[in-house]
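Report on the structure given below.
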Amino acid sequence: MWEAAVMLTLASKLKRDDGVRGPRASNPASDSTRRVSVRDKLLVKEVADLEANLPCTCKVNFPDPNKLHYFQLTVTPDEGYYQGGKFQFETEVPDAYNMVPPKVKCLTRIWHPNITETGEICLSLLREHSIDGTGWAPTRTLKDIVWGLNSLFTDLLNFDDPLNIEAAEHHLRDKVSQWFI
């Protein structure tokens with residue numbers, strides 16, 4: 001419920017700002033100081049869609065209800081190697097969104113073939129440019145990012161083309177090892 005209040009808070013702010021500015025602002029200087037970015041307008045819609053379609057293993061937290069461009073995601077896998085774990089991600093949506101992907105970092109230390117120990121993530125849709133065409137595109141949304149991060153713990157677990165080579169090699173040597181650091 002708190003997440004819905006966050007969305008409504010920013011949506012109300014956007015409407016107030018549009019109402020203050022009016023359909024045709026006469027003073028361009030004051031208009032530019034009150035202008036709402038394309039990113040923020042997109043985020044109001046995308047956060048509503050995300051919350052309506054969030055995987056049951058994920059929880060989104062917006063530390064500041066007026067900043068939808070920064071949020072934390074918790075993934076708690078219910079199957080696979082990482083079942084029972086709780087993994088925190090930080091997502092920051094840049095001003096140039098949706099032309100560039102959000103920046104995502106894993107805050108939980110984890111031994112994972114697609115996540116480094118410093119939190120870098122190998123997920124094709126987070127790449128601005130991708131040779132295989134599966135990278136970021138303006139048609140992608142926050143929902144795609146969250147579902148992709150969730151899938152890193154199940155069907156997108158990739159040992160053949162790892163970012164963390166040691167973790168992938170460790171898996172190949174010992175498939176029943178403990179994966180939490």
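Glycine is treated like the rest: Cβ placed from N, Cα and C.
Note that this is a predicted model, so its numbers are computed, not measured.
TrEMBL lists 38-181 with the feature domain 'UBC core'. Annotation comment: TrEMBL describes CYS122 as active site, glycyl thioester intermediate.
In the structure as shown, the Cβ atom of CYS122 (active site, glycyl thioester intermediate) sits within 10 Å of 18 other Cβ atoms. Residue counts for the domain 'UBC core' (38-181) under DSSP, split into helix (H, G, I), strand (E, B) and coil, are 37 helix, 25 strand, 82 coil.
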